[in-house]
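Asks: Mind having a look at this structure? Questions to follow.
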Amino acid sequence: MASMGTLAFDEYGRPFLIIKDQDRKSRLMGLEALKSHIMAAKAVANTMRTSLGPNGLDKMMVDKDGDVTVTNDGATILSMMDVDHQIAKLMVELSKSQDDEIGDGTTGVVVLAGALLEEAEQLLDRGIHPIRIADGYEQAARVAIEHLDKISDSVLVDIKDTEPLIQTAKTTLGSKVVNSCHRQMAEIAVNAVLTVADMERRDVDFELIKVEGKVGGRLEDTKLIKGVIVDKDFSHPRMPKKVEDAKIAILTCPFEPPKPKTKHKLDVTSVEDYKALQKYEKEKFEEMIQQIKETGANLAICQWGFDDEANHLLLQNNLPAVRWVGGPEIELIAIATGGRIVPRFSELTAEKLGFAGLVQEISFGTTKDKMLVIEQCKNSRAVTIFIRGGNKMIIEEAKRSLHDALCVIRNLIRDNRVVYGGGAAETSCALAVSQEADKCPTLEQYAMRAFADALEVIPMALSENSGMNPIQTMTEVRARQVKEMNPALGIDCLHKGTNDMKQQHVIETLIGKKQQISLATQMVRMILKIDDIRKPGESEE
């Protein structure tokens, strides 16, 4: 028999055993590995659980540089979380997948995955094989998704009647920092999406929706601008602050005299040479300005800078200009104004000019901050949501909240079917899965019942976060759903006196809810199939 370790004695002569390679042992196998994975996933899910619903709490995340972010957006919390365990990293990826595909429901998907693993742990303790649990979960997920199709309702996606879209956006924004003015934010999000939406293809190009923010003012001062906002001002303080009926030259070429492409050297040996060079530069600038004016342009927007002499000449020639405008903004301005980006000065013609009814410089409070607003554009399919707020953190959180709302409205344009929130859809699915489990003759029925119990964790977390007794509230809602045959009954988180989520207008998209169940189940199946953790350099012992 091989030696297990080394026998040693302490200072009092008492023997103890130093087990061989104990300090280097990090490999986990079998049930021990599964329990470790489940524990890590549960830790992440429990962190997220308190952020669920309209009464969910925010998290303060501090990064390595000391920058603070306050948010209750699941994807943001997890992306900023410092996690070492590989399974916890998978939970972060799960949330990111939900965010990339749907844009909302990132907290719920993690809480559901954590609940499924918690239930799986109890089944493992009872001796059920992980593969049987995974198969049972797969069957249950199929039943739940089919049931969601049966209980879903269709909403009218119409530009003239936007109320159903606004109510769905309000549900998403209800748990965010903007919930004090979530009606206004929902209307802004709906109007922005419907402005840029391509109803024939049933799709929305988010590149056409720009979200800008500026510290100062209140959240209620947030507005939708049918045009583009650029964080720049006119290049000279004496240029006019407002240009009406603007014909815009959009330049990506440097506003300076042409230079040879090859390496060159200019010898200036006298004052006359220097004056001649200065005169040449001035003539060239005047020629360029004249070329712009001949096309009919009365505003130049330049991606590159120009020196003070050129700036002064622009002022003398009554040609307002903006310099150092970034590439994405240049593209948006071109789309909005119907202009063409000009990469070479020689290619500038009247046909390539953009048009805007009004270009004006706006200033904020007592600060020197200024921004340029380009509105009444030729093509109104480019919009900007301009957010105001008391501090940078509120503005950043409002941006994240609006992103979720925009995604939800886009999903409704793609598929106009909805289910009811407040845990109503999960409770109804749990009842359907339980009924189906009773018909299952194999061992998988235990996993299906566990799946039903895990689905009920969402409504229980909602009631817990709202200060109610979770078990009592959940029992009442479940009993009423069975008795009244009404799948729209959920948790009355806002204490409005009714559990009917249809009356409360708590609406969630069907594709978002389906994706939550599918992704959480796939993730849990994958974790249940891992029984060994190997790291580089480990021996076979």
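Going from the start of the chain as shown, residues are counted 1 onward.
Placement of Cβ uses the backbone N, Cα and C atoms for every residue, glycine included.
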Asks: Swiss-Prot has GLY53, GLY105, THR106, THR107, SER175, ASP492, GLU508, LYS513 binding ADP. Which one of GLY217, GLY227, GLY390, GLY422 is in the same site?
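Replies: When Swiss-Prot describes the ADP site, the candidate it includes is GLY422.
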Asks: Reduced to three states, what secondary structure does DSSP give THR106 (ATP binding site)?
Replies: helix
Asks: Taking Cα atoms as reference points, rank the binding-site residues GLY53, ASP104, THR106, THR107, GLY422 by distance from SER346 (phosphoserine) and give the first.
Replies: ASP104
Asks: Give the sequence-ordered list of residues that share a chain with ASP104 (Mg(2+) binding site), lie 6 or more positions from it, and have CB atoms under 8 Å from its CB.
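Replies: The list for ASP104 (Mg(2+) binding site) reads THR172, ASP404, CYS407, VAL408, THR509, GLY512, given in order along the sequence.
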Asks: So which one is it: of the recorded positions THR106, THR107, SER346, which has the fewest other Cβ atoms within 10 Å?
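Replies: Counting other Cβ atoms within 10 Å of each of the recorded positions THR106, THR107, SER346 gives the minimum at SER346.
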Asks: List every residue in the same chain as LYS392 (SUMO2 cross-link), at least 6 positions away in sequence, whose Cβ is under 8 Å from its Cβ.
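Replies: Result: VAL215.
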